[in-house]
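Please read the structure below before turning to the comments.
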Amino acid sequence: MDAGLKRELEAKVYAGERLSREDGIALYESDDLAWLGRLAHHRRTELNGDRVMFNVNRHLNLTNVCSASCAYCSFQRKPGEKDAYTMRIDEAVRKAKEMEDEQLTELHIVNGLHPTLPWRYYPKVLRELKAALPNVKLKCFTATEVQWFEKISGLSADEILDELMDAGLESLTGGGAEIFDWEVRQHIVDHDCHWEDWSRIHALAHRKGMKTPATMLYGHIEEPRHRVDHVLRLRELQDETGGFAVFIPLRYQHDFVDSADGKIRNRIQARTTMASPAESLKTFAVSRLLFDNVPHVKCFWVMHGLSVAQLSLNFGADDLDGSVVEYKITHDADSYGTPNTMHREDLLNLIWEAGFRPVERDTRYNVVREYDAAPSLAERRAEPQRVWA
Ligand code: SF4
C-alpha cells in the first residue's frame, strides 16, 4: 500500500469516519500488521477502554444429526451413523445440570437440522432447562435452525420466536452466517438459509428486543473482498436495527478426525489451508475498523489458541468466549495444545497477562462483575520468573 493511501486511511480512522468497501479491501492488502493493529486498537479503546469481557458459559449440542452436509462441517452425522446422537429432554437437562458449577450464567445451544425431531421438542427442552437452571440464560439456535423450524412446524419465524422466548430463550446464536456472498456460499453451504432469511430472522429477533451475535467463517475458499462484503451487509442491517451486540470472526477449521468411523467429512480441506495467526489478527483488525457500529468484537479462543486470543485483544477484540467445556465442533484445531476447558480463574489470568482489565458479563452484555486492572508489563516482569525444569 502506498504511503499516501495509508495516511488517508489513518486520517479517516482517527477522525471517526466510516470506511468504505474499497477502504476495507485496501486494509486487507496491507502487510503492515503492526499498523493495522494500531488502528484497530485505537477504535477498540475508544469503544471499550482497557476492558475485556468474558462470560462463564457451557456449550450443549442436543443432536448432531443433520439433514444438510455443509462442505466445511465435521460435526454433522446422518441417522444411523455410529456416533450420531440425539438427546432425550431429560438427558439434556441432566447434562446441563452437571455443568452448573462456577456460577454458570449461560448455556449456548446449537444443533444439526434433525430430519424427524418434531418442532415441539425444542420449546419443551428450553422450558425444562429453564425450570432446572432458572438463573442460566439460554442462548440457543442459529437463524438456520429457526428457518428449519419454520419448515417442520408450518409456523412463521415470528410465532416460533414468540414461543421460544416464552419458553426461556434469551438470545439467538450468531451461527449459520459463514460468508454471505453467493459466489462463495454456494460452494460451502448445503441448506437454504442464506442472507435473505438469516437477516430476516435476526432483524425479527432485534424487533422483539433480543441482542444477537453475528459471525463470519473466514480462512477457507473466500477472498478478502468477500469478508468485506459480509461485514458491510451486517453493518447496514445494524444501522437499521441496532440489535447486534457482538461480531465474531470464526476461523475455519480442518477436520481432525475423531469420529467413530474415522471418516473425514470436511470436503474443502484438500483445497485450502487454515488461516495463519497473522491472517486471523488482520481479520480481527479490519473487522473492528469496518464494523464501526457494533459495540464488541469477540475472539472465540477455542478456534485460535490462547496466544492468538491474547494478541487479538490488541487487534480489535474486547470479548473472550467463554469458559467452554467439551466444545464438540472443533478442538485443538491448531495442535498447539489448546485446551477445551477454561475456568473463570484461567480466563482472568489470560486477560491480565495480556494487559487488560477483565469484566464478567451476562448474555446481554450487562456487567456481572468488574475486576482489577492488569499490573503493568514492567511490574509483571519485575516479579521473579518461574523457571520450568
Ligand atoms: S454446519 Fe450446521 S447445517 Fe451445516 S451440516 Fe453442519 S450441522 Fe448441518
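Our numbering is plain: 1 for the first residue shown, then up by one each step along the chain.
Keep in mind that glycine also has a Cβ here, set from the backbone N, Cα and C atoms.
TrEMBL annotations:
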DOMAIN    52-279  domain 'Radical SAM core'
BINDING   Cys66, Cys70, Cys73  [4Fe-4S] cluster binding site
BINDING   Glu178  S-adenosyl-L-methionine binding site
Binding-site residues close to ligand 1 - of Cys66, Cys70, Cys73, Glu178, only those whose C-beta is under 6 Å away: Cys66, Cys70, Cys73
In the chain carrying the residue listed as 'S-adenosyl-L-methionine binding site', residues 6 or more apart in sequence that have Cβ under 8 angstroms from it: Cys70, Tyr72, Arg185, Ile188, Val189, Thr215, Met216, Leu217
For Cys73 ([4Fe-4S] cluster binding site), the number of other Cβ atoms found within 10 Å of its own Cβ: 21
Number of Cβ atoms other than its own within 10 Å, given for Cys66 ([4Fe-4S] cluster binding site): 22
Residues flanking the [4Fe-4S] cluster site, with Cβ no more than 8 Å from the Cβ centroid of Cys66, Cys70, Cys73 and excluding those residues themselves: Ala68, Ser69, Tyr72, Phe75, Gln76, Gly112, Asp190, His191, Arg265
Cβ packing number for Cys70 ([4Fe-4S] cluster binding site), 10 Å threshold: 21
Taken over the domain 'Radical SAM core' (52-279), the model's mean pLDDT: 94
Cys66 ([4Fe-4S] cluster binding site) in three-state DSSP notation: coil
